[in-house]
């Protein structure tokens with residue numbers, strides 16, 4: 001009969017988790033507090049939010065790393081002094097990571113964070129089994145982790161949805177408004193604190209006894225055999241048909257096929273790992289056969305993978321994503337050769353090698369950021385040289401018309417550096433503004449200078465895109481007064497669209513460049529949308545959702561009317577303008 005665990009049992013389990021993982025539980029609480037603190041910090045207090053974000057990144061990486069050390073210490077029976085020494089080294093490395101993050105974490109920091117996170121989680125999977133020839137124990141351990149992550153996630157999602165419904169019910173029934181971000185805070189407590197503690201409480205022990213474990217969940221076998229593997233076969237057929245199409249048409253594959261091959265390979269390797277304990281079962285001989293056939297079938301697809309990714313690199317240079325895919329292509333080739341021709345198939349090599357890749361790629365002279373930036377700089381320089389746009393000092397001079405593909409690539413490279421190294425392209429320009437209040441003004445200036453020197457052969461150029469709104473403006477900056485106005489209506493200004501309200505009309509003309517306001521078919525005044533966008537462009541760059549509302553309204557008054565036009569958004573796409581907003585007015589003449 002099903003019985004709910006008693007409070008005493010729950011308390012005992014929780015106490016055991018605390019005593020078994022003291023340092024990890026401490027990190028869990030710190031991480032949860034940091035997340036709540038970040039939620040409650042005002043949006044316009046950017047310095048505090050960025051500082052907290054750096055601390056959160058560090059805590060997220062610290063958790064799996066500390067868990068890996070704890071599990072390794074438990075398995076090897078390390079002395080307390082040894083464990084403390086290793087934890088101290090780990091703390092030093094985490095402090096180094098924290099202080100190397102940019103004051104305002106950029107895209108490089110995000111890549112580094114996710115790679116270290118992936119490497120740290122992979123480290124947990126094999127840390128207790130390094131130096132032990134226990135392939136079954138390793139598999140049983142990771143099976144438990146895999147199932148408990150799914151289990152903990154199910155519990156956490158159910159709990160969060162239940163609490164969220166309870167909160168909304170209280171708000172609705174009692175008209176209560178909370179003075180803090182209760183939804184986000186509940187999410188932090190549920191998914192950071194509860195989820196992690198629940199997961200930690202289910203990690204198997206003793207680890208040394210897992211090698212003798214023979215249990216295998218029937219549900220796992222059914223899922224793998226009747227869901228995952230049939231899907232693998234379907235995708236295999238699709239990729240092979242695509243390969244045949246390439247051979248028949250005799251043309252290079254699309255670069256995007258590399259991601260499809262990687263996804264297929266990952267799913268296939270996962271399926272084989274899930275079935276690993278059954279491969280020596282006399283009743284499951286098909287697993288051994290499938291394993292060998294799978295790796296043989298991968299070889300032509302790996303060739304397709306190499307062709308696709310290196311074609312992309314040859315055409316457009318290296319980016320972080322392409323670098324990662326290229327490295328994973330070599331990794332996949334190595335793993336395939338190992339399992340096809342290796343005398344001993346040790347599945348631990350899969351997470352071990354992946355973990356090493358994750359930790360090595362973001363550091364050293366070969367790091368993905370330096371390699372990608374240097375490659376894109378070479379692409380930029382080569383394109384400018386090809387069209388004879390550089391003088392003897394390496395500055396951009398003259399004018400050139402480029403094919404649409406090259407034109408788009410130049411601006412793609414410029415935007416590549418927008419979120420990475422804003423000064424990287426500055427050396428190519430001799431007339432950039434030296435005094436800049438905001439960082440985005442440099443990006444804006446670079447793109448404007450490029451447009452002065454290069455044009456596209458494409459008839460319509462939609463590269464010139466700008467958009468502004470106050471959607472994410474903070475605090476009072478998103479407010480505007482309606483005092484003194486009696487009526488309002490909403491309008492859209494797109495091309496020749498007309499908005500009518502009583503005797504008022506708002507009509508866009510000249511592809512939305514001008515917005516005319518009429519009353520009783522008589523023009524009251526006009527708004528130059530192009531001029532307004534240029535003003536915003538000068539102060540806020542090409543795109544911003546944080547424009548103060550005070551910069552997005554225009555007032556007009558005559559003897560009969562007081563008018564305020566408040567723009568919700570303003571956009572320029574190529575040579576087409578669009579806007580939407582609120583029109584407020586009052587009649588002064590009664």
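Backbone N, Cα and C define each Cβ position, glycine as well.
As given in TrEMBL:
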- 20-38: transmembrane segment (TRANSMEM)
- 50-69: transmembrane segment (TRANSMEM)
- 81-101: transmembrane segment (TRANSMEM)
- 113-132: transmembrane segment (TRANSMEM)
- 152-174: transmembrane segment (TRANSMEM)
- 186-203: transmembrane segment (TRANSMEM)
- 223-243: transmembrane segment (TRANSMEM)
- 255-274: transmembrane segment (TRANSMEM)
- 294-311: transmembrane segment (TRANSMEM)
- 323-341: transmembrane segment (TRANSMEM)
- 347-369: transmembrane segment (TRANSMEM)
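Between the transmembrane segment (347-369) and the transmembrane segment (113-132) there are at least 3 Cβ pairs closer than 8 Å, counting only pairs 6 or more residues apart in sequence, which means the two stretches are in contact.
For the transmembrane segment (152-174), the residues of the chain that approach it from at least six positions outside its boundaries are 182-183, 186-187, 190-191, 194-196, 198-199, 202, judged by C-beta separation under 8 angstroms. Of the Cβ pairs linking the transmembrane segment (186-203) with the transmembrane segment (20-38) and spaced 6 or more residues apart, 3 or more are under 8 Å, so the two regions touch. Within the chain, the transmembrane segment (50-69) has long-range Cβ neighbours (under 8 A, six or more residues past its boundaries) at 21, 23-24, 27-28, 30-31, 34-35, 37-38, 41, 83, 86-87, 90, 94-95, 97-98, 101, 103-105, 109, 113, 116-117, 120-121, 123-124, 127, 196, 200. With a cut-off of 8 Å between Cβ atoms, the residues of this chain six or more beyond the transmembrane segment (323-341) that come close are 258-259, 262, 265, 269, 291-292, 295-296, 298-299, 302, 305-306, 309-310, 313, 349-350, 353-354, 357, 361, 368, 371-372. Within the same chain, residues 253, 257, 260-261, 264, 267-268, 270-271, 274-275, 290, 294, 297, 300-301, 304 sit at least 6 positions outside the transmembrane segment (223-243) and bring their C-beta atoms closer than 8 Å to a C-beta of that stretch.
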